[in-house]
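Enquirer: The Na(+) binding site annotation in TrEMBL covers Val53, Asn57, Ser332, Leu430, Ser434. Among the features that TrEMBL reports, transmembrane segment is placed at 134-161, 249-270, 282-302, 322-345, 357-382, 418-438, 459-476. Residues or ranges marked as disulfide bond in TrEMBL: Cys173-Cys182.
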Amino acid sequence: MQNKLIFKFWRRTHIKESTDTEIGTINTHEEEKDNHEWDNPLEFIFSLISNSVGLGNVWRFPYLAAKSGGGLYSILLSYTIYRFICYIGAFLIPYFILYFLIGAPIYYLELALGQFSSRGPATAFLLAKGWQGVGFAMIINSVLCMLYYNVIISWALFYFISSFRTNLLWKKCGYWWNDARCFVPGADSSSFRVNGTTYNCTEPQFLNRTEYLCEQINATDRVTATEQFFFQLLLNKSNKFEDFGRPRAYPAVSLLLAWIIVGACIIRGVKSSGKVAYFTAIFPYIVLLVLIIQSSLLNGAIQGIKYYVIPRWELVAKFETWQAAASQVFFSLGLSFGSLMAYSASNKFNNNFFRQMCIVVSCDCFTGVFAGFAVFATIGYLSTELKESVSKYADASGPGLAFITYPEAIAHMPASSLFSILFFLMLLALGLGSQFALTDVPITSILELFPRFKSQRELTVIITCVVSFLISLPFTCPVRIEVFLNFISEYRNVFIEFLFYGTKYIRSIGPSTDNGSSDDNNCPEKPRYIEAFTQNNAPRYDWGPKKSISHVGLYAYLKTVESKDVIVLDRIMNVSNDGYSNRSYQEDCISNKNAPQIPTERH
C-alpha cells in the first residue's frame, strides 16, 4: 500500500528508457503545456501586496498600536536620535524589530524556496525527509484560515450591498429586527429616567409615550442600532449555544456570493488573479487617503489621533506588547501559510524577487501606521459627537471595529452612504486579495500531488470552492458567532503552537542491532538521536529546480537523473531493510551498522 501511494505521487508520464533528446523534447513540451507563470512581474508584486495587506492592517494594527503603547508622538520636538526613538513609540519599537529581524527574512526564505524549486508547499519540502510535514502543516494552516476568512468577507459584502440607500439601515431604530432595547447614541437620544426607572426614549418622547411606545428597560441592557443591525439582522445571534438553528438567508447568500467571486477570480490561477490584483492592491490606498483627508477635517479628530500617537513607555518592557507585535507581523505578512511559495513558484527562475520583497514588506509595514490615522480620527469624531471618551471606542478591534464602531461613525457623517460604500468596498478589496492567496494553496497542492488534474484546473477550483462553502456554512447559523469565535480561538492556538513547535521525530527508529565491533563498519559511533537528526535533514541528491530549462550550471546533473526514470522509479519503489521507502537520500550509518558502508558522493 505504501509503495502504491508513493508511486502515485512520484510517477512520471513516461517511464520507458529513452534517449536524452527524446526526454528533453517530452519535458519541454509538457512544460510549455503547463506553463503557469505570471504575465507581468508587476502582477506578482501587486498580488503579494494584496496578500499581505489585508483586513488586519485596518482593524487590528491600529488597535494594537494604541493598546500597547501608541507611537509617533515626538517627531515635532526635535530631529535628534533620542527624539526619533520617541517618534517610533512604545508599540512600534518591538513591531519594527520583529518585522525586519524575523518577519522579512522568513518572507524572503519562502519566496526563495518557491521560486527556486517552482513548487508549492506540498512538494517543495521534499528536499529532506524530516521536512515533508512542514509543507502539509502550511496547507492545513491555510485551509483553516481560508474557511473563516471568507465569512468575514461575506459580512463586508452584505454591508456593501446594504449601503446603496439614502438612509443607512443601521442609522436609526424602528426596523423589524430592532427591539425595545434599541437606541441611537447621541445627545438627542439619551435615555429618560424618572423615579429611578429608565425608559427607551428621550424626555420629549416620554411625554408622548403612547405614540413612541416608550417602555421600561434595564439601563445596562441598551443596545445601539448599529449593534442590532450586526447581531440581529446579519448574524441573528441566538441566546444560548443549544439553539444552533439552521443557516440563515442573508449570511448564507452573502457567503455563497463571496465564494463565487473568489472562484471566478482564481479560475485560471495567476493568469486571472494577477489581473484582479491591480484593483485589490491599489484601490484600498486610494480609499484610505480619502478617509484620512475626510476624517481629519471632522470635529474631534485630533483627540483620536492624540490617543493613537502618544506613547506609553511603561508597556515596552511587558511581554504582552512583544507578543502582540509578533502575532501582527506573522499574520500581516502571511508567513507559514504557503501562499508566498505558491505565488513565487510561478515566477521565472532568474526573477529578482529580493527587490520585489523589499517593496512589498515596506508597503505592508507602513500601511498599518497609515490606516491608524484614518481609524482614530474617525473614532475621535464619534466620541466627540456622542460625548464619550475616546478609549470607549478605541478598545474595539477586529469585527467590532469594522462592523459596529466604524459604521456608527459613518452614520453620523455627511454623505454617509457614499463613505459607507467606499469603506466596505475597501474591506472587500483587502479581504479578497488575501483570500485569493489562501485559496490558491490547497488548489496548487492538489495539482502537484495529483498531476493528472493539471489540465483540469477550472474543475479543481470549482470543486474546492463548493466544498469550502459547504464546510463553512455552519458559520451562518444563529449560533455561528459562538462557533466562529471558538474556531478562531482554537485556530490561533494551533497556529502559535506551529510557530513555536520543537523538533519532533515522526518516524520511529528501531533498536540498535550492532553486534560487532566498531572496526566492522566505516562510520564512527555517534548517538542515535544525532543519526536520526542527520538522516532526517540530509538533502536529496535529486532535489532542485523542477523545470528542465533551469537544469544548467550547478544543477546540470539533474538532467542525468531525469534521463533515467526507470532507475529513479526503482529507487522510489524499493523498500530497504531499515524500513525507509526512498533510497534517493544519502546513505547513513543508521541503516545497517554491521554492513560495510560505502559513502555516496553528492554531485
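Easy rule for this one: first residue shown is 1, then count along the chain.
The backbone N, Cα and C atoms fix where each Cβ goes, glycine too.
Would you situate these features in the structure and describe their surroundings?
Expert: Around Val53 (Na(+) binding site), the same-chain residues six or more apart in sequence whose CB sits under 8 Å from its CB are Ala281, Pro284, Ser332, Cys363, Asp364, Thr367, Leu430, Gly433, listed in sequence order.
Other Cβ atoms within 10 Å of the Cβ of Cys182 (disulfide bond), summed over all protein chains shown, number 22.
Residues of the same chain lying 6 or more positions beyond the ends of the transmembrane segment (249-270) and with a Cβ under 8 Å from any Cβ of it are 36-39, 43-44, 47, 150-151, 153-155, 157-158, 233-236, 276, 343, 346, 432, 435-436, 439-440, 443, 457-458, 461-462, 465-466, 468-469, 472-473, 475-476, 480.
Through the fold, the transmembrane segment (357-382) approaches residues 45, 48-49, 52-53, 56-59, 61-62, 65-66, 71-72, 92, 96, 99, 103-104, 107-108, 111, 285, 288, 291-292, 295-296, 298-308, 328, 332-333, 388, 390, 393-394, 401, 405-406, 408-410, 412-413 of its own chain, all at least 6 residues removed from its boundaries and within a Cβ separation under 8 Å.
Tertiary neighbourhood of the transmembrane segment (418-438): same-chain residues 47, 49-55, 57-58, 142, 145-146, 149-150, 152-153, 156-157, 159-160, 163-164, 168, 261-262, 265-266, 273, 276-277, 279-281, 283-284, 287-288, 290-291, 294, 334, 337, 339, 342-343, 402, 406-407, 410, selected by CB-CB distance under 8 Å and a gap of 6+ residues from either end.
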Enquirer: Fill in the CA-CA distance, Cys182 (disulfide bond) to Asn57 (Na(+) binding site), as an integer in Å.
Expert: 31
Enquirer: Only counting partners 6 or more residues apart, tell me which same-chain residues put their Cβ under 8 Å from the Cβ of Ser434 (Na(+) binding site).
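Expert: Residues satisfying the criterion: Ser50, Asn51, Ser52, Gly54, Leu55, Tyr149, Gly334.
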Enquirer: Pick from Cys173, Leu430: which of these recorded positions has the biggest number of other Cβ atoms within 10 Å of its Cβ?
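Expert: In terms of Cβ crowding, the pick is Leu430.
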Enquirer: Measuring Cα to Cα, how far is Cys173 (disulfide bond) from Asn57 (Na(+) binding site) in Å?
Expert: 32
Enquirer: Taking the center of the Cβ atoms of Val53, Asn57, Ser332, Leu430, Ser434 at the recorded Na(+) site, which other residues in this chain have a Cβ no more than 8 Å from that point?
Expert: Ser50, Asn51, Ser52, Gly54, Leu55, Gly56, Val58, Asp364, Thr367, Gly433
